[in-house]
């Protein structure tokens, strides 16, 4: 496919959500760019043929009879739309058509475990309750960079044929074979069919797929680090692979095709560890659009929250029908000690597998090895073309930035010590490196300044116990949502730091030109790793409750999560960092009550966001209307498992939340409301009624929560927890009220 800004046109009742754009795709067709045209839901009339319709629309808009070179993709299985090369004037004419929901560029999106499942309580073997036969019929669709099918994590030994419900195919292309574990594969990145392959050349897709549903593989490790049994949340489940990312990024129009196919193929859960750089409205977000149509047919989409924390309002996964996952540390950490020439030991973070054999090497600071053509400020960062190779070769180089490591190695440095901007995670590098905290880095610089011939050595990494777990990682994107201020995002937190999982030997563990290592398992960090943990939990819950809707599964996971406390002050360390809390797979299978949402509820939610009746009908594919009464629906009254509201920070307020719960616990049960406020809270919270008496399964009862207070200021959100308890189940919903300056 020629590169260009792709706009997707969708003609069905589906929302278009914005995706994280790395760069717009530019192609070689003059001033044409690739746009996605979203047309909502597929029309139900039998005589309708999407491809013919899409070509007819293009012919009408372009005035050309032959439009094969214009049409890039056609979405015709699960929703309606296409991607095409258009000029700006053609885009405008298309956007003005009544049947078109949105036209937007196809930008590039970003890709964002031996102990993590044990840490969450999902133990290996008979220690964990499982329904193996149903788990084997469960299919997780992984939209990512492909997969390394030969990995032991994806062996089909002991697996029977694919589930009868599977409607997909193995179109993995050259050098790719599916089996009864990896039952389907498609590649959307190749520029020609001859070059198609769903093989993973970056390791990312292999890693995420194995976290969600990899087999149990004993003695998995990264050069001895993290040794143990690597496995996914649902090891007996099947995997369907949808490759949308290559070394240039992930195209939006390809992602739309992946959703279109995955939904039609019959997957049960979609895991997508891809995020947006920007945060567009729902109707221009490929993930939000695809996830909406998935939700409409009972498929839950789990998405990474993003790696742009700790800044506020950086979470990109904001649609309420998308399960947004933040990343946290686990109870394990990898450390690499730096031993100075005077014997002092500094402890840094690193996944360092290189052994310097205790040899002390000379130290040099990047700024002291600067070329005359480069400023000191750039040299201290070890920026390209700034260091003098004669002063660097054979030494350990201090760099103030992680970006300068390759430059130091290229010039012959034997290792590097770096000021660590993210002290809660370790990195793999292609030569000996340790990342020090600011204080230890200053101590090292002081040692160098006071010593005539400063020397040091970097030791191989070792594994230690992390007493701070679970704590949200600093890089994990934070709320509040910039699209809908009254929906708390992210939704949940899961392990996403230093996760050991399967990797592709077709790539080095650092993707560095200097790294010749090839491994079957590697250590990665990011919300990309947290996302498949929750996808695995969602699939695990579904094996016990096959008929539950996506919202019921999401609610069960959110209301049973471990509570987390703020680790500091301000927005970045509150519920806007961790959502409902840390995922708890065991309790999630028996939540007691759930907050259920239907497609109609989401349509009403969009009506309250001022979407027109015409667009809602196109998106929904039915006769949905946005009446005056429905248009007054407040986003905070969506039947969501959390309660969030933005208020004035300088005035008193009195707000209400309307909610309905469904009984999925015991047939006859009585739930009492308990409000837990944090010390010093100014909130007054009333629940009416305070008692819910359930007489049958699936019975629904409604209640109202009223929150009031004097002014709360803009520096710190105020929060509490509402817990419905019947003595066995504790159904917890965070309540958060905030104001921003």
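All positions are counted from 1 along the displayed chain.
Glycine is treated like the rest: Cβ placed from N, Cα and C.
Copied from TrEMBL, the annotated features are:
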ACT_SITE  144  active site, charge relay system
ACT_SITE  204  active site, charge relay system
ACT_SITE  528  active site, charge relay system
DOMAIN    34-112  domain 'Inhibitor I9'
DOMAIN    136-579  domain 'Peptidase S8/S53'
DOMAIN    637-737  domain 'Subtilisin-like protease fibronectin type-III'
SIGNAL    1-24  signal peptide
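For the domain 'Subtilisin-like protease fibronectin type-III' (637-737), the number of residues in each DSSP class (helix H, G, I; strand E, B; coil) is 1 helix, 59 strand, 41 coil. Confidence over the domain 'Subtilisin-like protease fibronectin type-III' (637-737), given as mean pLDDT on the 0 to 100 scale, stands at 94. Most other Cβ atoms within 10 A: among the active-site residues 204, 528, that distinction falls to 528. For the domain 'Inhibitor I9' (34-112), DSSP puts the residue distribution at 21 helix, 26 strand, 32 coil.
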